[in-house]
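Let me begin by presenting the structure, written as structure tokens, before commenting on it.
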Amino acid sequence: MVSLEQAEQIAAAIEVPDWVLTKSAALVYSCFGSAANAFESSIKINFPAQHAFVEAWMRARSHPFAERLPYLNPWHVIASILAYLSLIVTLRLLHRVLGKFSCRTLGLVHNLGLHLLSLYMSLGLMISARAAGYSLWNNAVGTSPAEWRIAKLIWLFYVSKVVEWVDTVIMLLKQNYHQVTFLHVYHHTTVFVLWWLALLVAPGGESYYSAMVNSGVHVFMYGYYFLTLLFPSGIVRDVLSKFKFAITKGQMWQFVFNCLQSAYDLVWVPREELKYSAELLQILFWYMISLLALFGNFLVKNKKFSHRRCVDAATASGAKEDTAARSHGDRTHRTRVKAGMTNMQLERLKNEKSTEMKLLMRKNGNGNGQKASLQAMAGSR
């Protein structure tokens, strides 16, 4: 196991620089800040009481780190989700105008980028948690430099949820509408809101575990998506196809681990010894239960669909072979019938010649009959 000293050195070396937060915030707000601020102003004018309530609640519950982390304005979060949902509806309505895109290059860059980012976040959180002296579960949120390092990684994880919305854009541009399900949209919107809440109230402590495990699963998930785009057919693709359902099962296992974490903290740990927000742990538990139910339903439906496709393909192949066999049999039968009719005609012709020969023999006598028979036989030849 890595010692605390070694973990501190590694964590410091891979720490997210503070300028990444400030520069990215300046860039994003320069592009979308005016629209987000206009949305907040409209809320403040039309719903002043609700706006004041949310602001007061945030001031009372915010962690000190929340003031240093960008993108935590709740009205900007709501505006982002509304923009995401509007984009889904717009791309769906304009499918005939826009046409169908392959999005292969975009998909390769997007999936590889999220694969590498997930790898960085997963390993970074693991090492930073070790450097901060965390145990597996029941960890408190502090304000030390080591915990600020963890808070920045969790913030990066939170921002990556917006980047993952590109998944939906690619599906819609490829017109794979069957993939944009209720589960897909529900998961992509709610997870963004819940991590906003975690960063606002408790950006560290127990939240490191969920972010670390989810990032680890996404390492394999986005790596799988990248490779399937890179190898659309062939031996590699055949091997990858065997892991299709393993990705969904891996996601479900992470939900199970998160449920176990919440149950351990809420049930096993005495409430006076609990170091993290009980409210956040309860939200995490029930949210994981909802995802387990939805992903389980998705897995069952997809397995049934894949089985039905295999059965349909086998049935179609068998029907094709039966049709070919019947066609070959019909041709053989027709040839045999034709050959049979020819033999019957020849037999009838011989019988007619034989009858004719007998009549001639009776009419002309033996000598003349023999001569006539010879002539008749010559004629038959």
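Just so you know, glycine gets a Cβ as well, placed from its N, Cα and C.
According to Swiss-Prot, the feature transmembrane segment maps to 10-30, 69-89, 107-127, 153-173, 182-202, 216-236, 280-300. The motif 'HxxHH motif' annotation in Swiss-Prot covers 184-188. Summarising the annotation, Swiss-Prot assigns active site, nucleophile to H187. Sequence annotations record features per position, and here Swiss-Prot assigns region 'Disordered' to 362-381.
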Handout entry: Local confidence of the motif 'HxxHH motif' (184-188) - pLDDT mean
Key = 97
Practice task
Taking the Cβ of H187 (active site, nucleophile) as the reference point, list residues of the same chain whose Cβ is under 8 angstroms away and which are at least six residues distant in sequence.
Solution key: L291, L294
Exercise for the section: Go through 69-89, 107-127, 182-202, 216-236, 280-300 and flag the stretch with the largest number of C-beta pairs under 8 Å relative to the transmembrane segment (153-173). Expected result: 182-202
Problem - Residues of the parent chain within Cβ reach of the transmembrane segment (107-127), under 8 Å, 6 or more residues beyond its termini - result: 2, 7, 10-11, 14, 16, 150, 153-154, 156-157, 160, 163-164, 166-167, 170, 208, 211-212, 215-216, 218-219, 222-223, 225-226, 229-230
Problem - Sequence-remote partners of the transmembrane segment (182-202) [C-beta within less than 8 Å, at least six residues beyond its ends] - result: 58, 61-63, 65-66, 69, 72, 74, 77, 80-81, 84-85, 88, 141, 151, 154-155, 157-158, 161-162, 164-165, 167-168, 171, 211, 276-277, 280, 283-284, 287, 291, 294-295, 297-298
